[in-house]
Amino acid sequence: MSEIFDVNAAIYPFPARPVPLDTNEKAFYREKIKTLLKQRDAVLVAHYYTDPEIQALAEETGGCVADSLEMARFGNNHPASTLLVAGVRFMGETAKILNPEKKVLMPTLNAECSLDLGCPVDEFTAFCDSHPDRTVVVYANTSAAVKAKADWVVTSSIAVELIEHLDSLGEKIIWAPDRHLGSYVQKKSGADVLCWQGACIVHDEFKTQALARMKALYPDAAVLVHPESPQAVVDMADAVGSTSQLIQAAKTLPQKTLIVATDRGIFYKMQQACPDKELFEAPTAGEGATCRSCAHCPWMAMNGLRAIAEGLEQGGVMHKIHVDEELRQQALIPLNRMLDFANQLKLQVKGNA
């Protein structure tokens, strides 16, 4: 059984695109960031969906490129006292939850996520309170406040296994916030899942008819899909998985042409993993609609070179992540529960959006 809690779909205002830098400006800010990282005893951790030049700089300076949970775990193991998180705000919060002793900075605290915005804590708390018999499972793409209300936090790479486990115990589930991932998990597990009606503004735009036309142009191509995409798109996939799972699939699939339905920021690491393969973005327009995100998160795009330099240089309330200690402790409980479960399964937890 799968039900949908239907809230009004929101159209979120996108941030202004960063002013493009010329070649000299890019070189200036790259060198400035390298200097500031050393001066601030900081390490740059970047999400797969940031722009390629940011991912390259993270690797060049000894940082990492990963999903949000792995970014936080990398920061925990790194000796630097400061983490500069290039991503969206919930990723900075997750890093702070897992690394309370470290300073966590972001290029901007205004880099949002539609899944986070679409799950306000007051409304979600009321929803959970109206279904007290259900176990609350929230995706990593949520605020610290929402995580603190959950029994479990989960990433896309372990979602099916966790829901199957809870279903085997006879538990009924509240799933939040992504309706497409919730539907995918319910279909795979057969569990009783009540879904919050959120969606990723990037993955929600992938279209089946346009994808079918593209597949007709490249009949030998494999289709790789993130499960935050609509179910009809997922059904067309040769491989479905989290960010890290899609990169692994790109390496192992025999096809030399890949159509990829996720944020195009992933192409930087995916092309590294399989330099001999040709990658295409899955279409996000068609069927009477134009794209808004066009396969790239507008909030991820806020993590530019100038913004990173300003975050390191200025710090302060405009860039520093703060999570109340009581809230942090509450959010840490479901996060640790997931990590312990994963260790029991001997699975490596990676792969929220």
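Glycine is treated like the rest: Cβ placed from N, Cα and C.
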Request  = For the [4Fe-4S] cluster site that Swiss-Prot lists with Cys200, Cys297, give the additional residue from the candidates Cys64, Cys113.
outcome  = Cys113
Request  = Please state which member of Ser81, Ser114, Ser156 Swiss-Prot lists alongside His47, Ser68, Tyr139, Ala140, Asn141, His226, Pro227, Glu228, Thr243 for binding iminosuccinate.
outcome  = Ser156
Inquiry  = Give me the CA-CA distance between Asn141 (iminosuccinate binding site) and Cys200 ([4Fe-4S] cluster binding site), in Å, as a whole number.
reply    = 10
Task = Quick one: give me the count of other CB atoms within 10 A of the CB of Cys297 ([4Fe-4S] cluster binding site).
result = 27
Query = How many other Cβ atoms sit within 10 Å of the Cβ of Cys113 ([4Fe-4S] cluster binding site)?
reply = 26
